[in-house]
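Pulled from TrEMBL:
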- A:20-43: transmembrane segment (TRANSMEM)
- A:55-75: transmembrane segment (TRANSMEM)
- A:105-126: transmembrane segment (TRANSMEM)
- A:146-167: transmembrane segment (TRANSMEM)
- A:179-200: transmembrane segment (TRANSMEM)
- A:251-272: transmembrane segment (TRANSMEM)
Amino acid sequence: MNPILTVAAKEFRDDFRNRWTIALTILFALLALGIAWFGSAAAGRVGFTSFDATLASLTTLGAFVIPLIGLLIAYDSIVGERDDGTLLLMLSYPLARGQLVAGKFLGHCGALAAATLAGFGLAVTIMQWMQPPEQTMQAWLQIARFILSASLLGASFVGLACLISVQTADKSRAAGLALVGWLVSVVLFDLALLALLVVSGGNPLERAVYPYLLLFNPVDVFRLVNLTALGDGAGNDLLTGMTAHHVYPPALLYALLLGWAVAPFAWALLAFRRKEI
Amino acid sequence: MNHPIECHALAKHYGELAALDGISAVVPRGQVIGLLGHNGAGKSTLIKLILGLIAPSGGRLQVLGQSPWRAHALRRRIGYLPESATFYGNLSGRELLDYLARLKQAPRAQVATLLERVGLAHAADRRVGTYSKGMRQRLGLAQALLGSPELVLLDEPTTGLDPQATRELYRIVGELRADGRCVLVSSHLLAELEPHIDGALILRQGKLLAAGSLHALGEQAALPAQVLLRPRELAMGELLARLEAGGVSARPRPDGRLELQVPRAGKLRMLRELLADPAIVDLDVREPTLAQLYDWLGAGPPSTAEVAA
């Protein structure tokens, strides 16, 4: 078997053994069911309501949770081996450094994607079984798109975690940096954009630039992919406010999300090749 | 035929620091060679160069006929036991070897055979995290032998092993030698290593102090043999006087014996005379040890002044 797949299979199995995959599956299923059931509680009723509203809330929540999980699952993938003294052993085997990082990246992405599919799949199955709403092809497509984009978002942060893991000297520093990475991409980036928007006071030229600034953050691309597809009224957050007058070609968004899924990993690959062992 | 390891003027610099400085040596097939030197002498750097994990800064290095730097496929023919080996504690011994065998594209049937060979068959399905230090070291040896490598690098292999496990390890090393493989053993434990090696590479502060068979190194150093004499009762004074008259300095030891330093050149003649001496009831000859050779070469740790320089 190809060494990348051998390493990936081990990491995938390890995530199962460490209960990561099962815990994430349950977490995703509970989140989805909770949001679906209590999503309309403010309006005075509970129960499975519209898929659109549920997916919109899930997107907002997923944008917080999935990056964190991607970082947590993989931040120690290389630096952990260095701390444990197994890195030198692994590199004494007939595999290139890039193959080791690629195997770890693929294994963790696979585990995260499997948990996403299983968790949200389980939730959708339960919703179907308890209260089958009139399902349209459109709704199924939206669910599929959500699961796929969530997996790509996860890959982006697993890649970022690999990069942090390659570049740091010990595990605790890697964990700290991972948290900073999460804070910046999930909270601070949007806050900074919002501040810019307020300060600029709606200058038309700047307003034209903002929608493109959003594309520099995979978390925002993930939101755009899901929320713009849901149509009006689905989301009411900052994002829809900022992009109200802007239409992104879906192909561009998917290409960007895919690019974001690969870019941090590619950087990690290059950085590890140059590292002195 | 090429030697498994050949290096010429091999150097590795980290900025200003010369971790290895112009090493030229060959390591022949079918031999066990000790890689000796104090901490920081350059042993680990040499091992990393041989494994192709770092690039040489200068000189030439050939391992099994090719340059090892980034030659991933070459590592299928090399086995390596890292110093104080740690492994994935969540896997069982068998799972770990299975994984590593797959990475090395070694026959999976070797896993059971090797576990048996290092005496871990009974613990094969236990988690490695529950293994003792000695068991982990034996597992490390087993993984180093996956794929029947032509060159085996053992870095401090007996750390944490009890005397019996140490004997077992050197028995396996002996089998590898008999099998025509080349084994490079790095160790601080000179007395333990000495009976098991054919030759040595001795490093100090990145330079090669000496290389060759133990016999040739001994000849080169021409260290005196040590002879211990037990005099007949009440004959100590008489014997001491006679030896000193003959120009031999002898030192009485607390155990009642006399210790002589006998130069290599006249050793046999001197021994004949001593054997014929009626005042001597017992005699022991000790050849210079690896540790004495090591001291003679000045291979010990650098002085503070040298470090500062």
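Cβ atoms are placed via backbone N, Cα and C, with glycine included.
Contacts between the transmembrane segment (A:251-272) and the transmembrane segment (A:55-75): absent, as fewer than 3 C-beta pairs lie under 8 angstroms at sequence separation of six or more.
Tertiary neighbourhood of the transmembrane segment (A:146-167): same-chain residues 55, 58-59, 62-63, 66-80, 101, 104-105, 108-109, 112-113, 116-117, 120-121, 174, 177-178, 181-182, 185, 218-219, 222, 225-226, 257-258, 260-268, 271-272, 275, selected by CB-CB distance under 8 Å and a gap of 6+ residues from either end. Remote same-chain residues near the transmembrane segment (A:179-200) are listed as 63-64, 67-68, 71, 157, 160, 164, 206-207, 210, 213-214, 216-220, 238-239, 242 (criterion: CB distance under 8 Å, separation of at least six residues from the stretch ends).
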